[in-house]
Amino acid sequence: MTVKILVSGAGVAGTALVNFLCRSKHEYDITVVERAPALRAAGSQLDLKSFGAPLMRKLGLIEKVREKSIHETAFTFVDSKGREWARFPVNEAGKGYEGITSEFEIMRADLVAVLYEASKEVSANPFMKGPQKLRYVFGKHGVHFTQGNSKVNVVFSDGSSDDYDLVVGADGQYSMTRRLLWEPEKGSGDTTLKYTGVTAGFFQMPKSEDEADSTLFKNCLQAGPRGLCLRCAHKDFTQAMLGIPTTDEHKQVFKKPLEQQKQMWEESVGSFKWQGQRVLAELRKSDDFYMTPVAQVKVDRWSKGRVVLVGDAGYCPSVMTGRGTTVSLVGAYVLAGELAKHGDNIDAALESYEKVLRPFITTAQEIPSMGMGMFQSKFGVGVFYVLLAIISKLKIDRLLQALMKEEKETWELPEYPELEFEA
């Protein structure tokens, strides 16, 4: 029996899922629809932590990721005068406590491109157990779902419709799939989004002369709390990241034009003595600025009938955990593995997907307690910097790595012999 699958979203989770599905001994007819007219070129820097690198290695893609990786060497804290107070070196992926920056740092667009091209290659490989039928359709998305006993009828944005055995929502934190099926009632708002109290902004700007050879991720905190980060390791540009407390206005940000969104940041950015005026000037000129209230996605169950969520659409851990990419890869792997394991029994596969993955997601969504209240005042920020300096100088962060290693490995990545990977 050929299982007909619709995947909504051609981001990290969607393209990763297709790669894993194409290694199944079962036959799939897969359609991936993406709202954008092409693969999205925008996006910030991502990293592979814990199980992320091993999963890319299973797919035979780790060297391609390495080729595209950004050589970031350390995460530093600087004060308003640019003086460095603490430095934490890169963490080797999958080993010990997960640091802020890791061995595999890659731009989102590059990672998606690697997964996208690989999925097309493996789906057409006659030596795999498939081959699987695969097509990508851009500029299209689902707008209505009707569930039957074992099928889902999907009406698309272009007016067409079709039936599928399984629909996968891999369409990100603001998933249309989730909003259509998981909101308790129309007009109630997306109750599955749990805001963290921080709003983040991102954009790229030209490198300054002193950043030409820099491989550092620089971070400056000030009272408010407010944060300004510059990631300097990319050879072509510097990535600016901003963080401020969330307001109700931020939650309606998508209804505002880009220029109004940027104006919301001008006061906060301009208040930074370190790099503030430079970043403000570049912000005003930028055409790739993106802002979002930092939120997690939490739902009681990731599937409804024959519709299932994967990646940020179902369990976004937020940028504050630093594990979003890895969570998407793990979720895609487990979903594909359970589908392969249970064959035609899709309902059993979805039940097992929930049971196997839930403990990992619960841990992955834990946000470290930073005592945000201490950052409200200059004194509190100063105390935090002193603590960071002590931790960095005495290399206590390495001690934390050793002590927390066992805790990080309590959940084990399952093996699925039903998925065929190259030796």
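Note that Cβ sites are derived from N, Cα and C of the backbone, with glycine treated the same way.
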Further FAD ligand in Swiss-Prot, beside Ala10, Gly11, Val12, Ala13, Glu34, Arg35, Arg108, Tyr290, within candidate set Asp47, Asp300, Asp312: Asp312
Spatial neighbours of Val12 (FAD binding site) that are distant in sequence (at least 6 apart) but have CB under 8 A: Leu46, Arg108, Leu111, Val112, Leu115, Gly311, Thr325, Ser328, Leu329
FAD site span - longest C-alpha distance across Ala10, Gly11, Val12, Ala13, Glu34, Arg35, Arg108, Tyr290, Asp312, in Å: 20
Of Glu34, Asp312 (the binding-site residues), the residue whose Cβ has the fewest other Cβ atoms within 10 Å: Glu34
Under 8 Å by Cβ from Ala10 (FAD binding site), counting only residues of that chain that are 6 or more apart: Val32, Val33, Glu34, Ala36, Leu39, Val112, Tyr116, Tyr136, Phe138
Ala10 (FAD binding site) in three-state DSSP notation: coil
